[in-house]
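Undergrad: Could you have a look at this structure, given as C-alpha cells, before my questions?
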Amino acid sequence: NTCLQGNPQCLNGGACISAGNTYVCSCPAGYTGVNCGTANFANTCLQGNPQCLNGGA
C-alpha cells in the first residue's frame, strides 16, 4: 500500500488513495493538482475569509 509507506504527500487535507504501485490524492474543495497543492478558490467563501458583510451568505 503506497499510502502507508509515508511517501505520498497529499497536501491541504487531501486523502491518499492507493492505486497499485502508485497513489492519487483526493483533494478537498478549493484545491487541485497531483498532491492537492494548487489553490483553486473560485468561491472566496471556501477560503475561510469570506467577503460577505451584514449577515450575507
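Even glycines carry a Cβ here, placed using N, Cα and C.
All annotation found in TrEMBL is predicted automatically rather than curated by experts.
TrEMBL lists these features:
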- C27-C36: disulfide bond (DISULFID)
- 1-37: domain 'EGF-like' (DOMAIN)
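Help me picture these features in the structure, burial and contacts included.
TA: Other Cβ atoms within 10 Å of the Cβ of C27 (disulfide bond), summed over all protein chains shown, number 21. For the recorded site, C27 (disulfide bond), the DSSP three-state label reads coil.
The average pLDDT computed over the domain 'EGF-like' (1-37) stands at 88.
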Undergrad: According to DSSP, how is the domain 'EGF-like' (1-37) divided among helix, strand and coil residues?
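TA: Per-class counts: 4 helix, 12 strand, 21 coil.
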